[in-house]
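Engineer: Have a look at this one before I ask anything.
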Amino acid sequence: MLLPLARMNSSAFSFLSDFVLVLLLFIHVPSSLGNDDLFTACSKKFECGRVSAGFPFWGNDRSPACGLPELELRCEDNIAKMNISQVAYRVLEINWEMGTLRIAREDSLVGLMCSPQFMNSTFNPKVFEYVEGYKNLTFIYGCKDAPPTIPGRIPFICKINEVNDQGGYIQEGDTGPGECNRSVLVPVSITDLPRPPIWNLQALEELMRKGFEVRLKVDREACLECFTTSGACGIDCATNQTTCYCPNQSSGSKTCAILPAPAAPGKKSRNSALEIGLSSAGAVGGAFVGCWIMAFIQRRRRKAAVEKTEELPVATPPSKSLATSTNRSSNF
């Protein structure tokens, strides 16, 4: 009887904690927040090592209102990184002209075969789409018996505590774990995929370190229009649509307007300027707070999901080559 009650109390406390923290976000919004603040923040680039990024990314000095919630970048030891669907990636290249992002799984850089994050590489179809020329490999782990020699399956053994007791295999295409414990899907380049008769772990891991490309589904044309009118591109968090931040103007449009010549000094002009300024600050402040709340909730959900993920023991990779067969799948 105590366990369900404890779970209920824990859930209620978590909800209350989220509610209080969201209120604190509102309380700590600067009263002086205005469109010029977002214009300045979104005019900056995210800079980390060889990676330079503007819209639709955010992170570091770029406000959450400067990009999509799913595209937060962080800089660690001069290396650009990001999380996508709870999987950690290293950002290798951002190509604005092509609208593509090249990334590599963090676990592939330390030996994916025997120490993976047990999560598939999956992407929100509203934000990402696959680039042609890639296909999935399925890594299957935790097989009780030695992996059978089946056409299209490449067996491997991982060592746990220096004992070869973690059998698994690699298979082209998308498949589940079957009688084994876990499976992980990872995109790889079809062109660079090693050909039969020999695959080996070293060659496959080197291939995965090169990463893979995904295309970003964002309104780049609207941003180009914004840039040409001297604006800074961002996201309206209420609609999740592209917007243009302009100096001394309210947001919500796709471009910056050409301001009229200053009016003659007088009480009416001063009052009008004050009304416009307050309206602009209020609208932009609301958008700013909305973006922060969305980013905050996304981080909380991601953290909770990661904590629930079961972890298998870290293993050391084998040194033997992998035999393969000639039967191959064409599924991506």
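For all residues, glycine too, the Cβ spot is worked out from N, Cα and C.
TrEMBL lists these features:
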- 1-34: signal peptide (SIGNAL)
- 42-105: domain 'Wall-associated receptor kinase galacturonan-binding' (DOMAIN)
- 174-248: domain 'Wall-associated receptor kinase C-terminal' (DOMAIN)
- 276-297: transmembrane segment (TRANSMEM)
- 307-332: region 'Disordered' (REGION)
- 318-332: compositional bias 'Polar residues' (COMPBIAS)
Engineer: Looking only at the domain 'Wall-associated receptor kinase galacturonan-binding' (42-105), what are its DSSP counts of helix, strand and coil residues?
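Structural biologist: Going by DSSP assignments, the domain 'Wall-associated receptor kinase galacturonan-binding' (42-105) contains 8 helix, 34 strand, 22 coil.
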Engineer: Using DSSP, break the domain 'Wall-associated receptor kinase C-terminal' (174-248) down into helix, strand and coil residues and give each count.
Structural biologist: 18 helix, 26 strand, 31 coil
